[in-house]
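The structure under discussion appears below in the form of C-alpha cells.
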Amino acid sequence: MDVTIQHPWFKRPLGPFYPSRLFDQFFGEGLFEYDLLPFLSSTISPYYRQSLFRTVLDSGVSEVRSDRDKFVIFLDVKHFSPEDLTVKVQEDFVEIHGKHNERQDDHGYISREFHRRYRLPSNVDQSALSCSVSADGMLTFSGPKVQSGLDAGHSERAIPVSREEKPSSAPSS
C-alpha cells in the first residue's frame, strides 16, 4: 500500500494562514471562493490553493531594526489616520495603539483596533524619540542610540505622531 507523506500543515484547511482571512483586518472587503469552500478546495490538492502568505505579509506586519546608531520600527497602519494612533513610551517599552470607531463602508460597518508593544534597547535616547506616518500608511518610530556609559532616561511619556506627505522608504517584505 502506497501512502503519500505530507506535512500535517498541508492537510489541515485550518492552517496558520487559512482561513484566517475571514478574521483578519481585511474582513468585510470581499471574499474569495476558498474562503467559502475551504474543505472542497483543500481536498483537491493543498498545493492548488491560492497563497495568502503575500497578503499576510502586506498587512499589519512590522519590521524592527536595531543597528549601532539607531533603533527603528516600521509598522503598516494604512487603515488608520495619525489621529487614530497613540504612541507611548513606558520604561523600556514603546506601545503603539490604533483604533477607529465603527463606520460604514461599501460592505457594511467596520471597526479596527490593534495594540503592539516593543522593548526598547537600553541605550536608546528616550528624549529624542520620533514617530511619523508616511503618505502610504507606514508608521516609522525611531530613536538614536547613546553611548553605553550615558543614562538614556526612563519615564512614561506620549510621542506625537506626525504625518509625512511622501511615501515610506521602508523596504517591502
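Using N, Cα and C of the backbone, Cβ positions are placed for all residues, glycine too.
Copied over from Swiss-Prot:
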BINDING   H100, E102  Zn(2+) 1 binding site
BINDING   H107  Zn(2+) 2 binding site
BINDING   H154  Zn(2+) 3 binding site
COMPBIAS  153-167  compositional bias 'Basic and acidic residues'
DOMAIN    52-162  domain 'sHSP'
MOD_RES   M1  N-acetylmethionine
MOD_RES   Q6  deamidated glutamine
MOD_RES   S45  phosphoserine
MOD_RES   Q50  deamidated glutamine
MOD_RES   K70  N6-acetyllysine
MOD_RES   Q90  deamidated glutamine
MOD_RES   K99  N6-acetyllysine
MOD_RES   N101  deamidated asparagine
MOD_RES   S122  phosphoserine
MOD_RES   N123  deamidated asparagine
MOD_RES   Q147  deamidated glutamine
REGION    1-63  region 'Required for complex formation with BFSP1 and BFSP2'
REGION    144-173  region 'Disordered'
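Predicted-model confidence for the domain 'sHSP' (52-162) is 84, expressed as mean pLDDT. Here the modified residues are N101, S122, and the one ringed by the most other CB atoms within 10 angstroms is S122. Ranking the modified residues Q90, N123, Q147 by how many Cβ atoms sit within 10 Å of each one's Cβ puts N123 at the top. When the Cα of S122 (phosphoserine) is compared against those of the binding-site residues H100, E102, H107, the shortest separation belongs to H100.
Per DSSP, the secondary structure of the domain 'sHSP' (52-162) breaks down as 11 helix, 61 strand, 39 coil.
Q90 (deamidated glutamine) and N101 (deamidated asparagine) have their C-alpha atoms 25 Å apart, to the nearest angstrom.
Cα-Cα distance from N123 (deamidated asparagine) to K99 (N6-acetyllysine): 30 Å (rounded to the nearest whole number).
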